[in-house]
Amino acid sequence: MARKIPLHRVRNIGIAAHIDAGKTTTTERILFYTGVSHKIGEVHEGAATMDWMEQEQERGITITSAATTCHWNHPKTNEQLQVNIIDTPGHVDFTIEVERSMRVLDGAVAVFCSVGGVQPQSETVWRQANKYGVPRIIYVNKMDRTGANFFNVEAQVRDRLKANPVPIQVPIGAEENFRGMVDLIKMKAYTYNLDAQAGEMYKIEDIPADLEDVVAEYREKLIEAAAESSEELMEKYLEGTELTEDEIVAGLKKRCLAMEITPMVCGTSFKNKGVQPLLDAVAMYLPAPTEVADIKGETQDGDAIIVPSTDKGEVAALAFKIMTDPFVGQLTFTRVYRGVLESGTYVLNSTKMKKERIGRLLKMHANSREEIKELYAGEIGAVVGLKDTITGDTLASEKDPVILERMDFPDPVISVAVEPKTKADQEKMGIALGKLAEEDPSFRVNTDEESGQTIISGMGELHLEILVDRMKREFKVEAEVGAPQVAYRETIRNAVKQEYKYAKQSGGKGQYGHVYLEIKPLPSGSEPNFKFNNEIKGGVVPKEYIPAVEKGCAEAMLGGILAGYPMVDIEVTLYDGSYHDVDSSEMAFKLAASMGFKQGCRSAAAGAVILEPIMKVEIETPEDYMGDVIGDCNKRRGQVQSMDDRAGIKLVTAMIPLSEMFGYSTDLRSMSQGRATYSMIFDAYQEVPRNVSEEIMKKRNG
């Protein structure tokens, strides 16, 4: 079966936003206008088609990024486009989901609330989009809300996100009088009835007289932005010649794809205004797979190569999300970059070098599914029946087992102990946690060796709450949850040299390993957080024992030296040693390295310290409670970074240790009579003050 829609008519986009900016509603409307869903699902009725897990509908937030396919006609050429939408969660505990979806997107729509503007989570999502080089357009939503201000959001995008927004529309009216928008390219007004019903089209009218000045100012900025895309257009602009509509669109698209500008549109998804022009902007300014940089990959030997987006050539696809579906079992969401993925064929998981059979292939529409035979380059779909593939793995042909870029996943910052309520739950809990950990690489499960308890770790309290909740609903496992524990780390402050000789002689074959190590701190937050150098000259330690020395140090780091927390940011250099022809073994060198490493780090000269996760906390509070909020931040060992005004509300940004933030939402509520809100995000690890460090050690070491 040949491809229905050529590659240049495909758009893979994400809709990313801060929680409550109206992202799911916007996606819903897009699906409605593109003819996929017939009844509009409202989030606050808990019926949105994109949010299909029970917990999401209850909490009114989006957790899993479902991938949905819909169609829209290009406003210029009228050709049908295939738009694949990845719905990304806006809550900070789910940034891992956003990272994942950014990885497979070609473009994104950043949704901002016209009242709330740029929030801390928006900054994180924006940084991730920059990191993966994703061009985007901005949609300012909720223009009908009290306090709506399109131009404020434009200023915040410039100041807080350091971006270059270029409005291609300006709003007509605001708050309850928001009626539509002026298209600055066609220079026409699009107006809607105030109570526009779903699916209602806008009327095209002349620009209202009271907006002429604003329109002229922003039209000028827009033309200048387009003219800067090339020297010819710049010359034309400077000579005072009008640029044609096609030249403006081409200029803006070129600069949008180069991430030099971000086109801005506005609307109110809930009130059905502005969604069709938003889709037109997606079609005109966001890239097809052929217009973005080809993905980088590596061969099995580790050589870097480029994998071009094309149907020709051997298949190369990336698994970016695993989900357990109640009807079909495990779904692996996959983006094909090259070649064709066909159902019923065998491919190689080149990351693990294991063969996999592609069972069924599905295209997902929010919560219905369509079975297909092939998935072509640039397309996104779900594979049923993969056994060994997890997030971030590459599926490729055996003839050309390329590995596409790997994704980096953040380490968890918080953990809790979970105990099954009954014996019967014990086994089920093991299976459930295993499945959840497969789906979500930022969620880890391990067993505490001393207490034998199962410890789960994740990106925040909400993250773990939702996972425990899913365990109860999807796997019917009842579990008791302990108090949250902070993921402390340990490191050293100074470089030390340490010699260690491990020699045992007790009849028969002895053990002998002898190493000289230099142990140095790396800069805070280094990636990777352990570096090993071998500077052995003249074979004083034979080559085959070097990996054992590295392994000994790496394993010693896991157990820490002060309070048993994993160590980070350390570089070890093996620079001398000796061996014994008969008694030396890998085991002996591993033990020598491990004991030498611990001894070196424990020495007073190394200056070992405990590190704790510091959170960037943003609190929005009415002015009356400002004093209490700041006083409380200081009490929690916080450092207030800034205080701003936003639409009559005070905005406090502070750095506060995670260990002081448990139960904060309840305290903040009672402090402000429920009127203040906050959000927090992990910022960095910092050294713990001495008195706190002693308490931690006392608790851990008894």
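Quick reminder: no glycine exception, Cβ is built from N, Cα and C everywhere.
Of all Cβ atoms in the protein chains displayed, 18 besides its own lie within 10 Å of the Cβ of Asp20 (GTP binding site). What Swiss-Prot lists as GTP binding site is 17-24, 87-91, 141-144, and the listing cites sequence analysis.
According to Swiss-Prot, the domain 'tr-type G' annotation covers 8-290.
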Task: Compute the average pLDDT of the predicted model within the domain 'tr-type G' (8-290).
output: 81
Message: For Lys23 (GTP binding site), which of the three DSSP-derived states applies: helix, strand, or coil?
response: helix
